[in-house]
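Feature list (source: Swiss-Prot):
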ACT_SITE  37  active site, proton donor
BINDING   30-37, 147-150, 176, 184-187  ATP binding site
BINDING   61  beta-alanine binding site
BINDING   61, 153  (R)-pantoate binding site
């Protein structure tokens with residue numbers, strides 16, 4: 001397994017692979033890898049000749065009061081996981097490699113970023129789309145693998161790839177959970193013991209909503225009320241948003257008539273966690 005830090009070096013390796021007509025699976029990450037990332041890597045390994053994982057904490061997708069400086073980093077642990085699951089190359093550039101000069105060009109995806117995290121984290125998806133555009137151009141992958149836990153990100157990236165004619169297939173992979181139901185996240189490392197216990201309220205509230213939907217409830221306000229009521233019973237939980245949106249357009253819906261995304265963002269103490277599920281009639 002190679003660990004490469006420069007665009008020049010990674011392009012040389014990729015040119016060789018492309019000359020040999022090898023398919024490339026790409027897993028973009030910010031590091032501090034866990035079983036959720038491992039599931040993406042395993043899927044990429046099954047479907048491609050070569051697998052690349054990028055590890056880059058992207059500064060332009062963080063807001064001024066967000067956790068860029070404290071975001072957990074552990075390249076030794078990450079490298080071990082990547083090697084275990086058969087990654088061929090880790091691309092781990094410095095910020096100065098990705099952004100050697102002040103950046104004036106940005107990628108925006110409209111409409112899909114109006115709600116959910118797009119509304120609550122201004123500029124976040126512009127940063128995500130801009131850095132992924134750079135990575136797609138540098139790495140030229142055949143397929144890219146993203147987790148469904150970041151459901152809005154998955155939808156936004158799919159639309160960007162479609163609109164800009166990137167010759168890349170975007171593959172969404174299911175949420176991976178702890179045994180007690182908490183969605184795997186690098187930010188779970190921030191939680192103390194009590195917060196970790198309190199964080200289970202996210203999945204519990206979504207389960208109650210899913211039960212109501214499966215019992216025939218079609219009013220999105222009622223579904224939202226079920227989730228809010230459950231979350232409000234947890235003293236350490238502070239709701240950022242609870243949204244029921246069309247799973248394709250990500251626009252709010254009142255009456256549930258087709259496939260919907262039920263998505264929540266909740267602060268447990270100072271840690272912001274997200275979770276979701278998709279429901280199809």
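From the backbone N, Cα and C atoms, a Cβ is placed for every residue, glycine too.
Recorded features from Swiss-Prot, shown on the structure.
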| residue | record | Cβ within 10 Å |
| --- | --- | --- |
| 30 | ATP binding site | 19 |
| 33 | ATP binding site | 24 |
| 36 | ATP binding site | 20 |
| 37 | active site, proton donor | 26 |
| 61 | beta-alanine binding site | 21 |
| 148 | ATP binding site | 19 |
| 153 | (R)-pantoate binding site | 24 |
| 176 | ATP binding site | 18 |
| 186 | ATP binding site | 19 |
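In the three-state DSSP reading, residue 30 (ATP binding site) counts as coil. The two recorded residues, residue 148 (ATP binding site) and residue 37 (active site, proton donor), have Cα atoms 11 Å apart. With respect to their backbone Cα atoms, residue 30 (ATP binding site) and residue 153 ((R)-pantoate binding site) stand 14 Å from each other. Secondary structure at residue 61 (beta-alanine binding site), as computed by DSSP, is helix.
For the recorded positions 37, 61, 153, a Cα to Cα distance of within 10 angstroms from residue 176 (ATP binding site) holds for 37. Rounded to the nearest whole angstrom, the C-alpha distance between the residue listed as 'beta-alanine binding site' and residue 153 ((R)-pantoate binding site) is 12. Residue pair residue 36 (ATP binding site) / residue 153 ((R)-pantoate binding site) shows a Cα separation of 15 Å. The CA atom of residue 37 (active site, proton donor) is located 15 Å away from the CA atom of residue 153 ((R)-pantoate binding site).
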